[in-house]
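Comments concern the structure below.
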């Protein structure tokens with residue numbers, strides 16, 4: 001390396017300096033001159049022998065850094081470092097495919113009851129249920145209003161004479177009694193004014209001859225007036241016989257209530273409307289036809305005692321929605337339940353009365369308690 005650098009130094013020097021040096025060196029008397037003096041380049045001589053290595057020169061300045069060398073081979077993988085802190089959550093990924101249905105879990109605890117719903121509309125009153133078992137005797141309630149007068153009871157045993165009481169209020173007129181035996185003829189009274197001629201009655205059966213009466217005083221010779229009086233008496237007797245016959249037939253029904261001149265009775269039998277109507281007609285009456293709240297209350301007492309609904313006589317067979325009595329008269333009193341009559345199912349043409357006294361339109365083919373009116 002050193003000889004190469006020496007040649008570079010010599011080549012860099014100017015030729016003039018080189019020649020002067022050579023001249024000065026050539027004038028000196030130095031042994032073995034050939035080894036020290038270089039030939040002039042103009043002389044084209046042979047190259048000299050290699051010189052000795054000179055002393056090492058001073059260390060030069062640090063040169064500029066060279067270009068980076070090629071990347072070396074990867075080193076061996078180092079040991080795994082400690083786990084770093086948890087990073088922030090990444091963005092949600094796309095939903096994966098739906099998995100298979102899992103097994104049913106155990107039933108959950110019952111939820112809290114929701115708020116109470118609105119009150120629904122009133123349902124239609126159902127049929128009367130079977131009579132329940134009698135409950136324990138309750139406490140005595142307040143004294144009720146005076147009820148409708150009951151039927152005349154049978155004559156009781158004669159009691160001992162009590163002290164004279166105060167005069168009571170007039171009682172309800174009782175049913176006409178049986179016709180008594182004919183009494184003796186009384187004295188003839190003064191002749192009254194002639195009355196209007198009544199309609200001739202039906203000829204009655206010939207009666208049993210009575211006892212001969214006491215001879216009366218001589219009356220006025222107006223035979224026409226006497227005949228009129230006799231005809232009037234016959235008419236009254238016939239009406240009494242008809243009324244008595246009705247009471248006899250009504251007595252066949254064991255349970256009843258009396259209101260004014262009406263009697264409502266039942267035999268505790270249940271029939272369809274037409275059969276019930278025929279049953280009352282054969283007994284000389286008709287199905288119950290309440291025309292007032294008092295009569296309706298008397299019928300209610302009967303059906304409450306039997307715990308059954310009963311048919312009334314009114315229908316709307318002639319005109320839908322217009323109920324009439326059997327005579328064709330429109331109603332003068334009614335006590336319909338709320339929302340009635342509604343002709344449910346399009347075939348409710350008869351009327352039934354519930355144990356609460358309210359009315360409902362009902363199919364005539366149903367069976368209901370028979371209550372007759374006399």
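Count begins at 1; order follows the chain as displayed.
The backbone N, Cα and C atoms fix where each Cβ goes, and this holds for glycine too.
Annotation comment: Swiss-Prot describes 222-253 as coiled coil. The compositional bias 'Basic and acidic residues' annotation in Swiss-Prot covers 49-64, 203-215. What Swiss-Prot lists as compositional bias 'Low complexity' is 70-79, 137-149, 169-200. Swiss-Prot lists 45-221 with the feature domain 'Collagen-like'. Taken from Swiss-Prot, the feature region 'Disordered' covers 38-222. For 1-19, the entry in Swiss-Prot reads signal peptide.
Residues in the compositional bias 'Basic and acidic residues' (49-64) partition by DSSP class (helix H, G, I; strand E, B; coil) as 0 helix, 0 strand, 16 coil. In the predicted structure, the coiled coil (222-253) carries a mean pLDDT of 69. In the compositional bias 'Low complexity' (70-79), the DSSP tally of helix, strand and coil residues is 0 helix, 0 strand, 10 coil.
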